[in-house]
Amino acid sequence: YKLSVSPEMDIMEYCRREWRGNTPVAKRMRKGYEAVAQKFASIRRIRGDNYCAFRATLFQALSQATQLPMWLQSEDFAMLPENLLSKYDWIKQWQLKQKPGKKMGEISDEIKEYLILLRKKWKNISEIKGPLEKQEACDKLFKNEEEEYSLYEALKFLMLNTAIELYNADKNGRRVPVFSWLLFARDTSSNPCQLMHNHLNHIGHSGGLEQVEMFLLAYTLQYTIQVYRLYKYSTDEFITLYPNDPEEDWPVVTLITEDDRHYNIPVRMCQETML
């Protein structure tokens with residue numbers, strides 16, 4: 001049995017255990033962890049499969065949620081799979097992790113269930129007042145593998161919806177964020193259909209999120225994802241924000257990565273940082 005989010009441990013202790021040598025890489029990692037330790041006391045390891053960016057981001061978002069985001073409150077939120085299918089026939093090629101080979105026409109109801117589950121869990125956890133109880137509820141959710149993966153499928157589908165909205169906005173001459181151009185400038189994702197086939201359908205199976213898809217995830221959740229990229233220590237990219245020009249009222253979640261592939265989470269802000 002694998003823990004999705006392991007218990008917290010002291011950041012510098014974790015660093016000493018992972019990076020013992022005297023290679024330039026090990027030295028840079030230690031410096032990076034020292035910088036993170038100025039702000040956060042502990043780290044929690046995130047289970048390393050191809051969903052770790054989703055897992056880290058969603059765990060952090062739910063851990064600090066105090067209300068249901070606006071986009072989860074819309075009346076027709078759960079109707080999204082039907083609405084998209086009625087406009088885009090190619091969405092029938094959507095792949096579910098649990099049901100590879102089943103076509104979207106047959107799984108539309110399941111995605112609807114996943115979306116409803118996401119809203120329900122977010123609402124329930126955001127209504128818990130005590131920080132300890134909230135943390136316990138998050139830990140419990142991320143120990144339930146079936147529910148956990150259902151939430152990632154919901155997030156993936158929401159990312160597809162956001163990508164379609166951005167693509168159409170750009171085609172209609174409206175302003176879109178820079179990452180949207182980059183997303184559709186790739187040979188493998190020049191439109192939302194290709195994005196689905198070549199990228200979103202593979203997340204969780206054979207690949208994780210690429211950099212530009214981290215932007216898409218942040219934009220979909222309407223959260224700023226702040227990432228300490230340890231291998232970029234002492235460069236401008238050491239702390240990277242997705243998106244890099246976030247809306248001021250978006251909540252911020254913080255992740256740590258050593259290589260832009262696997263993400264862990266820092267927890268327990270140091271007292272002086274909070275003041």
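Placed from the backbone N, Cα and C atoms, the Cβ positions cover glycine too.
Neighbour list (Asp49 (active site), Cβ cut-off 8 Å, at least 6 residues apart, same chain): Gly204. According to TrEMBL, the feature active site maps to Asp49 (among others).
The Cβ of Cys52 (active site, nucleophile) has 22 neighbouring Cβ atoms from other residues within 10 Å, across all protein chains displayed. Residues or ranges marked as active site, nucleophile by TrEMBL: Cys52.
Annotated site 'Linear diubiquitin binding' per TrEMBL: Glu237, in sequence order. Cβ neighbour count for Glu237 (site 'Linear diubiquitin binding') (all protein chains, 10 Å cutoff from its Cβ): 10.
The feature active site is assigned by TrEMBL to His262 (among others). Sequence-distant neighbours of His262 (active site) (same chain, six or more apart, CB under 8 Å from its CB) are Ile46, Gly48, Cys52, Gly208, listed in sequence order.
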